[in-house]
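Enquirer: Sharing a structure below in structure tokens format, with a few things to ask.
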Amino acid sequence: MESMVQSETKEGNLNGGKELKDLNTMDVERGRLYQKRGEKGYLDFLRADPSKESFFKSGFLSRIFRFPFLRRSRSQTPSSSSSAYPDPLRTTASGGGGCGTGPFRFLFVKKINWGSLVIYCKKWVKHPMNMAILVWLFFVAACLVVLFLFMAGLLNQAIPEKSARNKWTEIFNQILNALFTIMCLYQHPRIFHHLVLLLQWGPDDGTELRGVYCKKGERKPHDRANMLFVVILLHLTCFAQYGLCYLFWAYTSKTRPGWPQILCIVFGTAAPVIAALYTFLGPLGKKTESENDEEAQRPVAMAEETELSEHKPYELVVISPEWNGGLFECRNDPSVCCLSFFLTFFFFGWNMQRLGFGNMYVHTCTFILLCCAPVLVFGVTAHNVNDDGIRYIVGIAGILLCFFGFLYGGFWRIQMRKRFKLPANTFCFGYSSLTDFMQWLFCWSCSLAQEVRTANFYYVVDDSFCNMEAEEGGRQLQALSPLPRENGAGPLFMPSMGSSVRIHIFPEGNQGLDNLTAREEGMDEIEDREMIRAPHQPLI
């Protein structure tokens, strides 16, 4: 009996041990399984494909594909239109051109349209303002590279003395300070004007500011507060640079305090970066859809009606305008000639504003700074440089920059000529733009006087030159009164056949327009109904 109990006990212990072993094995296997699942989940974090919908909703691609060279050609556009989101990224690999299958796919760009990239770069470089920015960036990059070489100790063998290295480091710091100060001075009048517009916030002010800071000039939620934040950051950048400039000019390298210099550098670097990121990636750069197309189109229609109502009863839009007199024909208007020579900056700003090229005070201040600030900034910088050769080079550079400041007037002369379709002069190597620059550079008063005389001769309406009166053979043409049954179609002029004008008629009522259209489309039917009728003037 006892042997039977012992045998059963042994069998039970063995079975229990096997069960415990099986349980332990299952627990271990479960732990390994959970561990593998955890490792797999962690590795999936590194190689998992994010959701296409969440990626496209982030708005990142809409900011990248504003550039034409990153856009996909029509041949690469998928034929199916069932997808809710377009697929702007597409690889050249076969088999779908993407990583992963199913709803989780992430596509990468493997091909760039280099032709569009080259065309975009050429168009960007041809702009005169972009050329000036490239020259400025070249000198800034050169100074930064030299300072990096000094700080990294790569020029210790070439310049073994520490005092000499400190002297050259201070020289390049002074040049960098002058370059950044000049750029802030050039941009500050425009930024200050934007601050004034934000404070007064009229209907036209909001439209102008949205064209600068908002994507596609669209109305954004709380756009005034967002633009004010960006403008304050830009002002902070300018004032930080002015404080750094004071530290470099008022103190030497040995007596200059460290913490104010670091503070100005931090604010001057962080503020423009934050402003740029907030403009492009923040609320101002997001794409918004109008809630109601009719409400979005209603202000435009009202603006057009207001603009038509503000027009004169009759206007002669000049198709091929001409410059009023030659470049050196200043005796035609001596007062304009004197003002152009003695008050160039103020006269230029006033003429630009009435032609629709911006604010008068912004143009005046910018022109003054372009022609006066370089000699002052680079002159003080040259005074703080301890090397005679570099001192003369910096001083001469400031004088040349002041002389080239008159190219600002040449740039806006080009804009005036293109907008109003004025004849071009190709005297300088067959290039009209180069000729405009040279005219302003070597005879600014004559160029400005010619522009003012031309603006006085015409009347500006909707980026076009108009004549309020037409003259033929020294005789002023009188406006003909409309017939009573024409319902006040408005007075008309009868220019000669050789005049290059287009007649604009602004009726006082819609019934007159209907009668005029009926006469043009069906003259035979109208003549049958009314045997005696005076012909309409354009048909004479």
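Backbone N, Cα and C define each Cβ position, glycine as well.
Remember, TrEMBL labels are computer predictions, not curated facts.
Sharing the features that TrEMBL gives for it:
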REGION    1-21  region 'Disordered'
TRANSMEM  132-159  transmembrane segment
TRANSMEM  225-252  transmembrane segment
TRANSMEM  258-281  transmembrane segment
TRANSMEM  360-380  transmembrane segment
TRANSMEM  392-411  transmembrane segment
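So where do these features actually land, and what's packed around them?
Expert: Long-range contacts of the transmembrane segment (132-159) within its own chain (CB-CB distance under 8 A, at least 6 residues past either end) are made by residues 125, 165, 168-169, 172-173, 175-176, 179-180, 183.
Listed as Cβ neighbours of the transmembrane segment (225-252) (distance under 8 Å, sequence separation of 6 or more from its ends, same chain) are residues 173-174, 177, 180-181, 184, 187-188, 191-192, 194-195, 198, 209-210, 213-214, 260-261, 264-265, 267-268, 271-272, 274-275, 278-279, 282-284, 380-381, 384.
Residues 63, 180, 213, 226, 229-230, 233-234, 236-237, 240-241, 243-244, 247 of the same chain sit 6 or more residues outside the transmembrane segment (258-281) yet have a Cβ under 8 Å from a Cβ within it.
Here the transmembrane segment (360-380) has long-range neighbours at 178, 181-182, 185-186, 189-190, 193, 249, 344-346, 348-350, 352-353, 394-395, 397-399, 401-402, 405-406, 408-409, 412, meaning same-chain residues at least 6 beyond its ends whose C-beta is under 8 angstroms from one of its own.
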